[in-house]
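K.L.:
Before we start, here is the structure in question, set down as structure tokens.
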Amino acid sequence: MTAITDIIAREILDSRGNPTVEVDVYLEDGSMGRAAVPSGASTGAHEAVELRDGGKRYLGKGVQKAVDAANTEIFDAIGGIDAENQIQIDNIMIELDGTPNKSRLGANAILGVSLAVAKAAAQASGLPLYRYVGGASACLLPVPMMNIINGGAHADNPIDFQEFMILPVGADTIAEAVRMGSEVFHTLRKELAAQGHNTNVGDEGGFAPGLKSAPEALDFIMKSIEKAGYKPGDDMCLGLDCASTEFFKDGKYVLEGEGRTLESGAMAEYLAELAAKYPIISIEDGMAEDDWDGWKTLTDLTGKKTQLVGDDLFVTNSARLRDGIRMGVANSILVKVNQIGSLTETLDAVNTAHKAAYTAVMSHRSGETEDSTIADLAVATNCGQIKTGSLSRSDRLAKYNQLIRIEEGLGPQAQYAGRSIIRG
């Protein structure tokens, strides 16, 4: 009754107005699952390939090739298979593609089908997605890492680092965490406006003021936390996404906004100093994706007390993660479903991390849609942390709102991760 009977893929627009893939998967019993695929602005060199059409249409960014692949070749390969056989279906698509990075059919085609299959199977089973994927133990609501100041590739301003985040670890529930984040977000808006900064928002809903340095951005956030009535380091901690690969040039870190260039060791020391001065409990992509020596230095300096998240470093890839674990590099992986391109491989990356006592952070991309699948996956995998942007833009809020619904549905079973995510 849960055999796949049809796949209908289409081209839709993401939050940046660029085309992306949406897939509907229909089952024999009438169940249907729908998934829309996100896309990134700062992408790692080792990510699975997002297939784009080229040419004039949509300025070369069309995804009709990926849509056609889902509707024809992929459907021909998996049509009639039971949707509950997720691993089998994902492996068939991976083998059908036949490339190491999904460049023939496109990770956007494969992922769209993979997620839609899981959602259709969940509907057929009468279970919410988080319960279908995660089983009876899926009850941990993640601490949101809320990106309230944007820089780097996510904003048109001088700030070198890409994201400055607040983490409401002192909340008791996800609903309270969202409220706390919202209050700090709106307080920050007032503080920036009072100092003459613009309060337009970037791709992920955070503010993109013309600040020049990381300390300047952090000071604004610290003041806003206090003015909102919370205690930095207790109620609310901080996180950074440096996206260092973006400014790693000729073996050095070029901080144009701050007017200086740092060697690898000096960059690691700078980040360790920031983590010591401010209540920063998480640093993502502090070093460039292939600067393994720099990553080792940073891990040795501050890894015992700071979560060091590999995004471009690991690209949700279990093989690269195992390399990092073996080398003692970083202590956490950022999980982006479209970096690897299938649900099965995503879950494998999380399991690999947890077995090695690495944390995992479920994450959106800068190009998002109203699809809230990652909220369910964060709960399904007991990640304990989620990155899904700021407290504005409906493409970001869709995930927070889904987490609130999940918490409500879990009732007394629901647990909020809170301070348990803090290292040391």
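Heads up, the Cβ atoms here are built off N, Cα and C, so glycines get one too.
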K.L.:
For the (2R)-2-phosphoglycerate site that Swiss-Prot describes with Lys336, Arg365, Ser366, Lys387, which of these is also annotated: Gln123, Gln162, Gln195?
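P.N.:
Site partner of Lys336, Arg365, Ser366, Lys387 for (2R)-2-phosphoglycerate, according to Swiss-Prot: Gln162.
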K.L.:
The Mg(2+) site in Swiss-Prot includes Asp241, Glu284. Which of Asp219, Asp300, Asp311 is also listed there?
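P.N.:
Within the candidate list, Swiss-Prot flags Asp311.
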K.L.:
With every protein chain in view, what's the tally of Cβ atoms within 10 Å of the Cβ of Asp241 (Mg(2+) binding site), excluding that atom itself?
P.N.:
28
K.L.:
Sort the binding-site residues Gln162, Lys336, Arg365, Lys387 by C-alpha distance from Asp311 (Mg(2+) binding site) and give me just the closest.
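P.N.:
Looking at Cα distances from Asp311 (Mg(2+) binding site), the smallest one goes to Lys336.
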K.L.:
When DSSP is mapped onto helix/strand/coil, what comes out for Lys387 ((2R)-2-phosphoglycerate binding site)?
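P.N.:
It is in a strand.
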K.L.:
Quick one: Cα separation, Asp241 (Mg(2+) binding site) versus Ser366 ((2R)-2-phosphoglycerate binding site), in Å?
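P.N.:
Checking the Cα atoms of Asp241 (Mg(2+) binding site) and Ser366 ((2R)-2-phosphoglycerate binding site) gives a distance of 13 Å.
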K.L.:
Near Glu204 (active site, proton donor), which of the binding-site residues Glu284, Lys336, Arg365, Ser366 can be found within 10 Å, Cα to Cα?
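P.N.:
Near Glu204 (active site, proton donor), where near means Cα within 10 Å, the binding-site residues are Arg365, Ser366.
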